[in-house]
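Feature list (source: Swiss-Prot):
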REPEAT    91-118  repeat 'ANK 1'
REPEAT    119-148  repeat 'ANK 2'
REPEAT    200-229  repeat 'ANK 3'
REPEAT    258-288  repeat 'ANK 4'
REPEAT    322-351  repeat 'ANK 5'
Amino acid sequence: MNKTTSQEILKTNNCLEWLFEKIFKQLVPNKQELYDLPFSEIYSRTFCNSQIHQLIAESLKSTVIEIETYLTDKKFIEKFLFVSVRREYKFRIKKLHVQIMLKEYDKIEFLINSGYKVDFDSLKLACLNGSLDILNLLLKFYQKKLSSELLMYCSEFSHYDIYQLLTTKYNLYPNLSVFYRAVLSDSIEIVEDVSSNISANQQVMENAFKTNHTDIINLLLIRAKKDGTHIDRNLVVYPIMNCNFELLTILSNMNLIDWHVELYYSALLSGSMEMITYLEDKIDKINPDFHKKKILDSSHQSSGKNSLLLEDIIYEIDGKKYFSHTMNYAIQSGSVNVVDYIWSRGYGITVSNFITAIKQGSVEILERLCKWYHLKLPIYLIHYFSTKSYVTNKIAKAKVLIENKLLMINEPVQECIELYKKEETHIKLIEQPTQIVSDSKYDPDYLMQYSMFFIPMKGFKLNHRLITQIRINLQLNYMDSLVELYTRDRNYADKMILLNNLFLFGTIDQIKILYPLLKTKYCPDKPILMEIICKCEITKLCYLKNNRLLDNDVVQSLIPLVIMLENPLINALFSKLTTVNLIDKYIVLSNNVTLIRKWLNESPVIDKNQIKSLFLLDDTKITDSILSKYSVTICKHKEEFLDWCQEEDLLDTRQKIEKKYLK
């Protein structure tokens, strides 16, 4: 973490913080993760993530180093966790917990001495984060009986020193739940201790095989054999996928492998030609010529399966139909060499393989498929590049398909009922709520929630295809196609799609050329305008202003956001459009400490709820200013403020109120 305060390089930047809050909530959708994972994992995923720095820098036309310095500053992180997280998640994260996450020993000691109570979550966080010195400090002030649950957290993340302390000095004993977590670690010392008293069951063994720590798995296998515990032979898929030949040898010597042709799928997922060759040697002995016979692609159609989707996965050789499973597994391996090899063995390619490559493959793999496939792809594949489809390198992949003339997004389409049904089926599949794979979480469409900007207009069906078609053309700057698309006659809903897309994804040069083609004086929807303001896209705002597209009602509706962001450039622009009168409640909501301090110097009239909101900023100067200037209000409601401060974990503020008003 950066110890230089962010204010030395950038003053409080509400635009940056607004963007980061939105992104943080997408990357940490469940607040409980803050209490279930070491903070180092949250930190590397969010505050110290180069992809996030790059995205925000591009959005704000800033430099990556400025964004990185701002987000990795300890002072900012501390404020973000205590102030922003509780606001965004409606969740009270305690001040003591924040300092434990940040491993600030001196601050923790100060807070405890100031009256902050050590609870079970405090101990849990110290165990998760591997802070032995902090745990020792906390244990001095923890009055309740300790629970073996603490062993789960230090075991899972390999903190053997903490495990030793809790089992020896505090006599905590591991149970089966601890065993489940221990085998997820790389600490053989912890696993050895736990397994000496508890027999491994099937779940324990599977957890261990997933982590691929050979020494730990071997230890468990030996003890399982000694205890007579059944070992599932299907566990062999893990060492195959993890390319662990040493573990395969151990399993083979223990006669725990039944070789069969379906294991070849796992070999493909390993991405290793060495493992693929190894499996081929084993399978050929029991199933000669399995490649030539296409055994892996000879699945039978399951009853009740959607025939619309089945058509996308079928290919034909010598009059016989096959299902392109093998190529799909090869694509999921992420290895171009594996994809090349499977193609060389005579396996077919289908539309399904292109969908898999878009979702889980690389640009290079997609280029390979284009080289071998010579049919036009159905237009409904365009939806896998929509704002609701979260994939990596989305626009680069679209470019590959378009420039290889396989996906003709700008050619007229012969509409029919069958195409409509297929298109609707794929849209529903894409929009199904599923767990997003790790890499896809960094798709800007996911992080920035762009799909929220396109909702059906009353009386119209949302034109999904048009939204994605325009967006791709804008981002690839296909101006000839764009000019043609923007000059067509459209209904009102589709015109708004063109307009909103243009201002959300287009450049100012594209706007200057394309907006006049719409032959309208429409203004983008308010959410689009708010996004433009938050990203400080001044040139777009100037275009709207100069073309008189921002009427007074629209401008007035945007003033609260302008006040909250407190950006000098945006303020200057809006001051030319209207008189920006600072509205008290929006100044408070801005959380901009500099603006609020300046505002408080004018001694505005504020009520007790606004005082509470300002206390939540946890800024010493603001707190002291309020206590000095609003003594009548605070004194009148002092009991309420004292209880509220206790509830909100603002004990230092509570102590100041007690000292000043309870003499």
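Glycine residues also receive a Cβ, built from the backbone N, Cα and C atoms like all the rest.
Bear in mind that the values here come from a model prediction, so they are computed numbers and not experimental data.
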Near the repeat 'ANK 4' (258-288) in space but 6 or more residues beyond its ends, with Cβ under 8 Å, are 233, 236-237, 240-243, 245, 248, 295-296, 325-326, 329-330, 332-335, 337-338, 341-342
Under an 8 Å Cβ to Cβ limit, what residues of the same chain, 6 or more beyond the ends of the repeat 'ANK 5' (322-351), are close to it? 264-265, 268-273, 276, 291-292, 294, 296-299, 311-316, 357, 360-362, 364-365, 368-369, 372-373, 377-378, 381
Average the pLDDT scores across the repeat 'ANK 1' (91-118) and report the rounded value. 93
Using DSSP three-state counts, the residues of the repeat 'ANK 5' (322-351) come to 18 helix, 2 strand, 10 coil
